[in-house]
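Heads up: the structure comes next, in structure tokens.
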Amino acid sequence: MDSTPRRKSGLNLPSGMNETSLRLETFPSSSSFRAVTCVSSPRAISSLSSPSKTSSCSDRFIPCRSSSRLHTFGLRDKESPVKEGGNEAYARLLKSELFGSDFGSFSSPAGGQGGLGSPSKNMLRFKTDHSGPNSPYSPSIFGHDSGISSESSTPPKPPRKVPKTPHKVLDAPSLQDDFYLNLVDWSSQNVLAVGLGTCVYLWTASNSKVTRLCDLGPNDSVCSVQWTREGSYISVGTQLGQVQVWDGTQCKRVRTMGGHQTRTSVLAWNSRTLASGSRDRNILQHDLRVSSDYVSKLIGHKSEVCGLKWSHDDRELASGGNDNQLLVWNQHSQLPVLTLTEHTAAVKAIAWSPHQSGLLASGGGTADRCIRFWNTTNGHQLNHVDTGSQVCNLVWSKNVNELVSTHGYSQNQIMVWKYPSLSKVATLVGHSLRVLYLAMSPDGQTIVTGAGDETLRFWNVFPSMKTQTPVKDTGLWSLGRTQIR
């Protein structure tokens, strides 16, 4: 037995191997070291060696998003020391732009969610995903799902407020409840003319003064009134078929013209001539510079003519009748250049747009209830809207691209429409019977409506041309109820 103590080594070597059989070999081409085992037995070599495996290498490395640490890019949500929510919105948009729209919904490591989630999509791909929004700036990215405050987007413009009640009411005794008549008109000199029974009354808006213009006597009655564009003269259509012209400032009759066989229901001035429509189905053209009663006769309607309007350039005359037809005439033809038959009821409401040449609006009666818009250049119908009620009148605003309509059966309301969207700006109620009469103030802000309930109501509907804000009431327009005669 060997009594010499054996020095313990710090290495745990296998049996049959001592410390002298292990050495370190240095390779000059590398700074690393490797262990080389020196074994004298071939059997030991074969037991330690292993076959080498062949490995394939790619020409590039494409990382997987799930194994990436994208939060190291410094895009974690942090509160802005200057403006709350500012950096948060920017960071989410930047994440979505760089890493896809699904990244914006993942929580940051600071949020306690353990870093990024495990998205199923590749970080780099050639196929475009159409399941989400194409851009983080699409409306959905600012919705509740994205977590971004809606304050980042521009708030919608609030709708214009229109007063729901009239600011003035006038009693109008004997104002007839007849769909085919036209008994109210407002002059460019701010004087309102109203036909009541056998008389025509003038109401001056500036001082509320009422003047009786004329009385036709017990055997006749007023069927229509219309001011000239200058506002100095007014024409009156009568039950007996006459057309009278009066000086509005002196209350003196200037001319009386015949030609119609029965009542004159509607009148329309242009810059030089006066057109009159009658129950006898004819339209007469009157010229005060000649001695004859009329200079031309337009024949086309098969029933009473109840709507007449000249275009703003005086080139075209639109007429509507109880035969459900809308006709368009020019200055040089005795036959209509357009015959529009889409309405299924009487056409009384007619209005030319002051904003677009050749744009005409028309409204149908109880069986139609539609407002239709026409291009008179080619006769095409541009649009239409079902109002749900008989359309009695139309007036286009000269201050904004809107129009107002008045209605009869069965709602008796007043509607304000935007064009061309045809969205409703306001619906006004107050009359108890059909709103048969409509006129607009010379400044384009106020309308007056008349009905068979024998009242005239004044509404602030449109903004002014300059301020685009509703007109304010003055002392002369204070809320109250007075009589026009």
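Every residue gets a Cβ built from N, Cα and C, even glycine.
As annotated by TrEMBL, region 'Disordered' applies to 110-168.
Annotation source TrEMBL lists compositional bias 'Basic residues' at 158-167.
Under the heading domain 'CDC20/Fizzy WD40', TrEMBL lists 170-459.
Mapped onto DSSP classes, the repeat 'WD' (298-330) shows 0 helix, 19 strand, 14 coil. The feature repeat 'WD' is assigned by TrEMBL to 298-330 (among others).
Note on the repeat 'WD' (428-469): DSSP counts are 0 helix, 20 strand, 22 coil. The repeat 'WD' annotation in TrEMBL covers 428-469 (among others).
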Considering every residue in the repeat 'WD' (428-469), what is the mean pLDDT value?
92
What counts of helix, strand and coil residues does DSSP assign across the compositional bias 'Basic residues' (158-167)?
0 helix, 0 strand, 10 coil
